[in-house]
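Annotation comment: TrEMBL describes 5-368 as domain 'Acyltransferase 3'. Annotation comment: TrEMBL describes 12-28, 54-72, 84-101, 147-169, 176-199, 219-237, 249-269, 293-310, 322-342, 354-372 as transmembrane segment.
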Amino acid sequence: MTRRYDIDALRVFAFALLILYHTGMAYVDDWGFHLKSVHTAEWLQWPMLFFNRWRMSLLFLISGIAIALMRPEGRLLRFAGLRTWRLLLPLLFGMFVIVPIQPYCEGVANGHVAPGFGHFLLRYWQVRPWPEGSFAGWQYGITWNHLWYLAYLWTYTLALALLMPVLGLARVRRAVAGVATSPTLLIGIPFALLLTWVIWLEPIYPSTNTLVGDWYQHAKYATVFLAGYLLAREPMFWERVVALRRTTLWLALAAVGWYMGLRILGQLLPDDSPLRQWPEPFWDLQVRTTQSLYVWTALLAILGWGKVLLDRPFRWLPYCTEAIYPWYMLHQSLIIALLFWLKPLQLGPWLEPTLLLGGTVAGCLLIHELLIRRTRWLRPLFGLRADAGPSPRSAASAMSRA
C-alpha cells in the first residue's frame, strides 16, 4: 500500500470540519436539525453553504482514493469481508448504542417522547415504528442519523469490488489516463456528470440519507467515489491537480461567488423587478451549473493544495488518523446531548456555542483516549483493530480504507 500523508491529513481535516459543521447546524436559521438552539442566526447560512456543497463529496472522494492506494484487486473477497466487518459492525453498534441519545433528545424536545432515557432505550431497541414526528426516522423504529455515511460507503465499496476486474482492463486504464492528462477532460467530465445528476435526479429524488431510493445522492457520491478510485491510480493525475491547483481554486471561488450571488439576488429582488419575469428555468440552470462546477473544482483544488502543503509526516498525523473514526461516531451524539443540557441554562448566543463545541471536542478526546483506545474489545466497535499494533496509523479508519 502506498503511504500518502496528504490524504491522511485531508481526511483528518474533513472530519474536523464535520464536527464544526454539525455544531453549526444547531445555530443556523431555517435549516432542519435534530435539536436547535434558541440562538439561531440567518447569516450562518452563507458560511455553511460554502462548505455544505462539497463536504461529504470530499469524504467519498478520499475514500475512493484510499482504496486505489491499497491496491486490493488481487484479494477482492478478503477486501470485501474486511470492509464489511469494519463498516457494518460500527454502524450497527452506533445505531443501537451511540445514536439513541439523539432521537431521545429530539423526541423529548418536540413533545413526542416522554422523559426517561432508560424507558426510551428499551422501547427503541424493539425497532418498532414510533408515533409520527417523534424523531427523524420514527417510521423505521430506529435511526442511523449521521452514521448514514457508513451504510453508503459500504454499499459503494462492495459495488466497486465487483467492478474492479472490469475497471482494471487495459482499455479502461487508457481511457482514465487520457482523462487524467487532459485538464479539459479532468475538469469537464466529472463536472458534466454532477450537473446531469443535479438537473435530472435532484428534483425527483431529494436527499433522504435512507439508502433505499436516495438516487440523487447515490449518483453524486458514487461519481466522486469512483472518480477517486480511478484517477488516484494514475501518476499523471497527481501532477495535474498540483499544476492546476491555482486554476481550480480560482474557478471554485468564481463558481461559488456566482452561486451565492444568485441566491442573494433571489432574496433581494423586489416582486415587481423585471428580472422576476425571466423564466425560472433560466435561473435554475445557472444555480445548478455553478453549484456543480464549484463542487468539482473545489475538490480538485483541495487535492492539489493538499499534495503541496500536507504530504509530509506530521507528528500528530498517526494519532489523529486513528482517532477520526471514533470521533466521527461520537461527535453528533455529544453535540445533541450537550445542547439538550445547555439550552435550559440560557447562556446566551456566544457562551452556549463555545461550550457546545468545546464540550464536544473534549468529550470525543476523553472517551477515545481513556476508553476506546485502551479497551481491546471496544476498538472493533469503533472501526479500529483490536490490537493497536506497532503503528497507530495501522488502524486507520475503514471509512477511508473502504
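Positions of Cβ are set from backbone N, Cα and C atoms, glycine also.
Curation does not apply to TrEMBL; its annotations are automatic.
Contact between the transmembrane segment (354-372) and the transmembrane segment (12-28) is present: at least three CB pairs lie under 8 Å, with pairs separated by 6 or more positions in sequence. The listed stretches are 54-72, 176-199, 322-342; of these, 54-72 has the most Cβ pairs under 8 Å to the transmembrane segment (219-237). The largest share of C-beta pairs under 8 angstroms with the transmembrane segment (322-342) comes from 12-28, of the ranges 12-28, 176-199, 249-269, 293-310. Under 8 Å from some Cβ of the transmembrane segment (54-72) lie the Cβ atoms of residues 1-4, 7, 10-11, 14-15, 17-18, 21, 78-79, 149, 152-153, 156-157, 160-161, 164, 220-222, 224-233, 294-295, 298-299, 302-303, 399-402, all in the same chain and six or more residues away from its ends. Cβ atoms under 8 Å from those of the transmembrane segment (176-199) belong to residues 216, 219-220, 223-224, 227, 230-231, 233-234, 236-237, 240, 244, 247-248, 251, 285, 288-289, 291-293, 295-297, 300 of the same chain, restricted to positions at least 6 beyond its ends.
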